[in-house]
Amino acid sequence: MNTSRKGFRHLFGVILSLLLFFTLSATPALAATSQIIYQGSTSNKVVALTFDDGSDGYYIQSILNTLSANNVKATFFLTGQGAENHPQAIKNIVAAGHDIGNHSYNHPDFTTVSTTEMTNQLNRTETIITNLTGKSTKPFFRAPFGSYNSTVLQTVGDAGYTYTFQWTIDSLDWTGNSANDIYNRVINNVVPGAIVLLHAGYGANGTTAALPNIINQLRAMGYSFVTLSQLMNTTSTPGTGTSYTVQAGDTLYAIALRYGVTVQAIVNANGITNANLIRVGQVLTIPGTTTPTTPTTPTTPTTGTTYTVKAGDTLYAIALRYGVTVQQIVAANNIANANLISIGQVLTIPGTGTPTTPTTPTTGTSYTVKAGDTLYAIALRYGVTITQLVNANGIANPNLIRVGQVLVIP
């Protein structure tokens, strides 16, 4: 009897062990949750233009034409339904060398659907886009309506989308606002590493008119344009002797800015004879240390000082160096287009004034939201964090603030 019982217990233990083994083996390991990104982690003056596509893609080709004419690369978040409705436009996006990401199949609020439906939306779109273009939408995702929670981020991460991109600046172009309003929202709120939200659908009828002016003004302010892939690569600073492979849309000035070195240093390190001629795929040696060098502040020039334009210069950078405004240099030199200066051009630098420093607001004050505001811009203005503003005002969604809303500044 005892032998029989021992045998039974042994058999039971073996069966239980096997059940546990197969149960655990059949349970898939969860991937890391998708990382939410509002802005690139960089102090360099780079900005990422992003365009969300819907079902119609009405303005895609016009946007592509403007980007191509200005040698700008951007990132497009695509829906599967849109790709089915306008496949050639999607092919054109990829053929032009722009980044792409997944924006669901038909734009449901992911916080209101099941994890199964979320996964189906992502996989369906990925299959359509990959079959159409040969390029994957992974690892970039943008949630429809910018709506997400912990379940969404985990499900998206499990599906292979490492990054969920929100935005630093909402142009609100989907509301049909004017080109001037779109322009002001972008220019007045731009910061290093900014991600700009724009749309390619029929409702965003002011975007195509605003886009050329946005590009020109940002360049005049010293900004260069990056894709989200490039923006995420700017988070780490390379060390001495790091190499960099030139990508479409790159300039030596933008590369030098990203790595905290000078154009001349890259030119010397690579034996470049013409700083304006670099090619896609060219491997550059990046000299210098991980700590960007601080340029020597020039002595305040007297009225009538001259400066000879060098490769990589912009009027904004020159004005910043001499403590004057772009407009002052434009007026002093009768420049018709502030974006067009040539290497070797001799500029007259007018007398300088002392730039005004904005007064740091006291804590505990209140602020009334104005058109074009974002929580990020308000936080930056008052020297606090977005989280502090959210907590102080009980804000459920940091992307949703309204004009006239009174915020407590902690």
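Positions of Cβ are set from backbone N, Cα and C atoms, glycine also.
Automatic, uncurated: that is what TrEMBL annotation is.
Residues or ranges marked as signal peptide in TrEMBL: 1-31.
TrEMBL lists 45-226 with the feature domain 'NodB homology'. The average per-residue pLDDT of the prediction over the domain 'NodB homology' (45-226) is 95, rounded to a whole number.
Residues or ranges marked as domain 'LysM' by TrEMBL: 242-286 (among others).
Residue counts for the domain 'LysM' (305-349) by DSSP state, with H, G and I taken as helix and E and B as strand, are 16 helix, 8 strand, 21 coil. Taken from TrEMBL, the feature domain 'LysM' applies to 305-349 (among others).
For 365-409 (among others), the entry in TrEMBL reads domain 'LysM'. Sequence-distant neighbours of the domain 'LysM' (365-409) (same chain, 6+ residues past either end, Cβ-Cβ under 8 Å): 38-39, 146-147, 166-170, 181, 184-185, 188-189, 191.
Note: the domain 'LysM' (365-409) comprises 16 helix, 6 strand, 23 coil (DSSP; helix = H, G, I, strand = E, B).
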